[in-house]
């Protein structure tokens, strides 16, 4: 049995698979209904309206509905899209056991403890028939999948088959032939005079000795299976006139809860309260397999209507499983596919699409395992087929030269042997793995062993790796092994590698486990690693070097540099065999060869970019329709925003991309289309970086950023425009802007006037007096009534900007002159159309009406009132109501002073230069370089990417609790940087520190403050604390060491075993010290038994000899004190074997002498020193060898299964029972 998904919940009483989606409904004894996605392993939704246990649940085959029935006597119909109950059907007066939908009609059938079966119309929401006849609880009732029949099972020890033909005719649509049936029945509402002919009992099956819990029809044959409290599963057959018992299946030793037929094989599957699921052969009438759980009784089963999946509900959740592997064994040689389907070894030709059987392959029986792997030898036209039958066997078959004659029988001289895996390694040699004895045999085609050797490490599988070479997979790595010289060529770390797929030229290999793909060279040099959340099923190489692989839901691609993406989705898992142009050839789970058409443009485009084949890139851009956010994001990430610009039509995205690649022409065009303030601000910043002051001016004008415009005119020496800005500020009533502009112009009189208008007379006096305007200063002092005139500051100087020497008002600053990029020349042939010039501040543009002033002030219509006054009355402009009548007098209009100065129009394109340019990309952040170069969490933490560091720790050691690791994250970040202080009020300069020198700046890694020597020093300190009896301090230090190890970097592979040894030492000491502290704390409350057990378990921790002697001595004296002489004798003997000191040895001998006379224990203990065990890290109880257990993925502490999901108390970091690839302390790239 292959377990695919398992949940932990309250007792499961009902199950139902969705026919199309990867969903399963479970109804629980606590009244809840749970909807699970068994592919993703996630809980989708909960439905909780029933009061009491829910025993029946069923999905509708086509509608978004499901039905439930419970102990509250209610049947509820739910819509899973709306996530609510639509309505409730009431009628039963006792518990409802099962509910099911009809496969065709809008009917629901329900079975109840009120001894009735009811059929409901869920559209009219009425009960249309009540089936009576059982005289005890009806435990189950189901429709026949095709016929008008119902089968029911009851505790009255019978199974009944009902004929509901009358019901179908009665409720058939008007106008059909069956409608006449109602005419002969009399008026509607009139009861049948003799009996109800809607549903009649057709057969009553008697044979069970106790109540029957379940009965169901065979999907295609006239068979019924039933299971009962007499612990027997019975098979029944029926015809048109009678039904009879065919056979009984005995083997369960408690009540049979459920039994059902396998949809595709001659099998019966049953589960029972004896905690087992049993598989029965209906032909041989024998039990084939038994699957047992330790603590959970089974209550219900369900079969998927279309897939080879089953589910069983038990006391603590549900289990989704299948009975056998569905991966077809196959091998590819050039344009030929060899595969096994049913009982034939077949050959498929990719060119001609011919599919022909070659030989008949005899399978042992319906439940004998299918072939596991197939290896083809093109030189000898022979195949090796490996199965897992009988512990692992292989068969060597010589294939016929011509496949046109049909399948041939397997010759009697077909070679067979024992082995878990077999592959060809040369023309006339093949290798066989004996996993049990860890031996690899090299055999010739006569099946004779020519050599054998022990592999380096514990090997779980072998794969072909070129002539005379093998790939050996272990739990933590893949080894490239030379079978002739018997030496290891290379080794690559990957946990639980399941498959290896070579490229056609044998230059690359893809190694993949359940969720990880590693692409490596032929010498196992890792190119990239790809992580998937969905299970990886298969893979094949494209001719151009792309690895295409399939998951449960998708077909994806992977580039040699690690970039990957989705090609298309699939409804059901497929197994890729070959990728050829736009076609992918796959095998489905039924063993059929299918061709899937794909569009390879996206991954060919990305590969051309990676290989810098720009001609191919341009060809694809011009001839394909690549679109989508993913391709745009990819181009941005890889530094080709100018290419991404080609694919984008959305103005907002085009604007962002244009800024990124420095294309101001497109940026201005899209900014005009968008016309948003934030766009103009961004455009102004980018133009300022490039020195294009005309675009900057236009952007500031668009958003009315007066202050920045004034400053821009100041630094470009545009005095005339500054004067216009002063007028505009005066009309806007913005005193601060007026003062700034007056300051920029050096207009002292204007400055003094502004200070007077805003009421700052002392400041106005100081300004006038400082600049020599003594008469104006005296007038201000008199007006302000200043008795004590403010003193002028010593060494006062005039505040006046320098006169511009070179005015850059009519052109741009020198622009960045770098060559235009390849793609800008190849894709974007820019025209010479000029961009819009900045809006001039003249009377011809109406700028003042629609852009500059919100109060609609016309600059050119405002004049002075006569008398030669320089400005209007204070506050006139501020009020916004300026009288423009009568401004055509003969006197000089001072408002229009300088109106004859026109801002220059921009002729030609903005930024036009003789040298074309491309804005260079910003350099990579050093933290980004560190992250790209390393797969170590400490390097990501040093880069400041705490999130990716946490993700790495989660994948590597199953870490879920990062609170105790926070100081180490911060320390790693701080230790990778040095800071140089500069002048006052200037931030310090940050300098990245690297731990190794390299000529290539792209290969640098951060300095890390944690190394192996420092960890060992901490370990010696912890040993000292343990020796001195400071157990709390010692325990804390051992945990600190476990945390520090996660951030420790070693220099070479030889130091990795030391790291693993340190983890083991810390785990053992942490466990032992926690037990000892618990024993001391609970000594007064827990009793002698628990105290002695904890002391005994402490002695089985792997401690240093000195500490082990102390623990043994403590346990010996404690057992002696409580008169447990037998146990005390055990500890005394172990103490003497360790060679204790003279004083301790003398004490141990005395106790040994006394205890050997009377080997009895006053306090019985749960302790067996002769049965190997590990101590549970939470309950502190032994887990003996063979008992179920879970472990921490980091420190490998053992725990009982009920503690799965908790945080490991040994390391305080990882989740118990979680998965992890293993802690990494040596950087080997991403």
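Every residue, even glycine, has its Cβ placed from backbone N, Cα and C.
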Tell me which of 861-883, 884-906, 907-929, 930-952 corresponds to the region 'Disordered' entry in TrEMBL.
861-883
Based on DSSP, tally up the residues of the repeat 'WD' (5-46) by helix, strand and coil.
0 helix, 24 strand, 18 coil
On the 0 to 100 scale, where does the mean pLDDT of the repeat 'WD' (205-246) fall?
92
Same chain only, please: residues at least 6 beyond the ends of the repeat 'WD' (5-46) with a C-beta under 8 Å from a C-beta of the stretch. Say none if there are none.
52-59, 61, 66, 68, 70, 78, 80, 83, 98, 299-306, 309, 311-320, 533-534, 552-553, 1204-1205
Same-chain residue ranges lying at least 6 outside the repeat 'WD' (205-246) that approach it to Cβ under 8 Å:
136-137, 139-140, 142, 144-145, 149, 151-161, 252-261, 263, 268, 270, 272, 274, 278, 280, 282
Secondary structure tally of the repeat 'WD' (47-79) (DSSP, helix then strand then coil):
0 helix, 19 strand, 14 coil
Going by DSSP, how much of the repeat 'WD' (131-164) is helix, how much is strand and how much is coil, in residues?
0 helix, 20 strand, 14 coil
